[in-house]
Amino acid sequence: MKSIVYMLLFCTFTVVILGHPNDHGALIPYRAEKLPNGEWCIRPGYSCSERGQCCMPVDGDTYTYGCGRAWSEGSKVCFICNRESSMC
């Protein structure tokens, strides 16, 4: 029983420390499209180098997208967030 509790704590801390793609809007509907270079767009929560690589949200009036640094990660990641949110 003790080992199960330790395993659950380890998994919880791992998700908290490393983050999860859902933190970047992965649950918000987005368009998975092919880019002009033939590659697929990058999903929210995954590494990118510029905004043009990221998948766009289906509802562009409510949501915006981009490629930026997350507080918990050193690299840039794609994100989708609500335009009215102060966290965007």
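Backbone N, Cα and C atoms are what each Cβ position is placed from, and that goes for glycine too.
Annotation source Swiss-Prot lists signal peptide at 1-19.
Following the DSSP three-state reduction, the secondary structure of Cys78 (disulfide bond) is strand. The disulfide bond annotation in Swiss-Prot covers Cys41-Cys78 (among others).
If you look up Swiss-Prot, you'll see Cys41-Cys55 (among others) marked as disulfide bond. The Cβ of Cys41 (disulfide bond) has 18 other Cβ atoms within 10 Å, all protein chains considered. Under the DSSP three-state reduction, Cys41 (disulfide bond) is assigned to coil, being neither helix nor strand.
Positions annotated as disulfide bond by Swiss-Prot, on the basis of similarity to another entry: Cys54-Cys67 (among others). Cys54 (disulfide bond) carries a strand DSSP state (E or B).
Taken from Swiss-Prot, the feature disulfide bond applies to Cys81-Cys88 (among others). Every protein chain shown contributes to the tally, and the Cβ of Cys81 (disulfide bond) ends up with 18 other Cβ atoms within 10 Å.
Around the Cβ of Cys54 (disulfide bond), the same chain contributes Cys41, Ile42, Pro44, Cys48, Tyr65, Gly66, Cys67, Cys78, Phe79, each under 8 angstroms and 6 or more positions distant in sequence. Shown are the disulfide-bonded residues Cys55, Cys67; of these, the residue with the fewest other Cβ atoms within 10 Å is Cys67.
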